[in-house]
Amino acid sequence: MSTNNSVLVLKVGGALLQCEMGMARLMDTAAAMLANGQQVLMVHGGGCLVDEQLAANGMETVKLEGLRVTPPEQMPIIAGALAGTSNKILQGAATKAGIVSVGMSLADGNTVSAKIKDERLGLVGEVTPKDGAYLKFILAQGWMPICSSIAMMDDGQMLNVNADQAATALAKLVGGKLVLLSDVSGVLDGKGQLIHSLNGKQIADLVKQGVIEKGMKVKVEAALEVAQWMGQAVQVASWRDASQLIALAKGEAVGTQIQP
């Protein structure tokens, strides 16, 4: 594992795809980092596009404890929305910012091992790091991998993986520093104020109180898992906030620090 955190793993949520200005700003930030020799790996979701595509095909979106339920008949549509449309929208924004990128999925390069997470969720996967050679080769060229959260089991079955968990596995694989970027500035308390730092006990208390729930619960628990595994803080921050992106480019702490 790298000890100098030379790879910055940026996980972006699906809401970014609906904000051209946000995408442009984030890609400009990434371009500046790459120009300074900072290796950047981007992992993305695309929930809003998935919802749109399912609705267009007369299918319903169902979630269980913040995770998307993926029946087999929905898998081709979900894979198309995430590994196809969402990935290429982000790659287009990267190209516009002058970034050389590689669009990929978790299924590429023997990068992760995937299995069914929970039968109740259908074709939802859980991934563990496997082989970092493919990613490390791309990063060594100064290119930016843009990875969707579609994985594949050994039998060729596609799986839909929560993008926060996907980013966690890839951060472990490359020994990188993980930043979970969404449309909120970090974890908020019951009064809507930013919490600058959280540890495992504080997270458990806030989950019990219902302050951290649904998608943010999944996000924070993924961040805590990788923070504990790597022995360093994981950041939960916003792509909407220009000042946070500038600070991020300088290597400063932004948003909420999830402590190991």
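Keep in mind that glycine also has a Cβ here, set from the backbone N, Cα and C atoms.
Feature annotation from Swiss-Prot assigns substrate binding site to Gly46, Gly47, Arg68, Asn160. Spatially close to Gly46 (substrate binding site) yet at least six residues away along the chain are Gly14, Leu17, Ala81, Leu82, Thr85, Ser86, Ser148, Ala163, judged by Cβ distances under 8 angstroms.
Among the features that Swiss-Prot reports, site 'Transition state stabilizer' is placed at Lys11 (among others). Residue density at Lys11 (site 'Transition state stabilizer'): 29 other Cβ atoms are found within 10 A of its Cβ, drawing on all protein chains shown. Reduced to three states, the DSSP call for Lys11 (site 'Transition state stabilizer') is strand.
The site 'Transition state stabilizer' annotation in Swiss-Prot covers Lys219 (among others). The Cβ of Lys219 (site 'Transition state stabilizer') lies under 8 Å from the Cβ of Asp164, Leu180, Ser182, Val236, each on the same chain and at least six residues away in sequence. Secondary structure at Lys219 (site 'Transition state stabilizer'), as computed by DSSP, is helix.
Cα of Lys11 (site 'Transition state stabilizer') to Cα of Gly47 (substrate binding site): a span of 13 Å. For Gly47 (substrate binding site), the same-chain residues lying six or more positions away in sequence with a CB closer than 8 A to its CB are Gly13, Gly14, Ala15, Arg68. All protein chains considered, the CB of Arg68 (substrate binding site) has 20 other CB atoms within 10 Å.
Residues within less than 8 Å, Cβ to Cβ, of Asn160 (substrate binding site) and separated from it by at least 6 positions along the same chain comprise Arg68, Thr70, Met75, Ile78, Ala79, Leu82, Leu123, Val124, Gly125, Ser149, Ile150.
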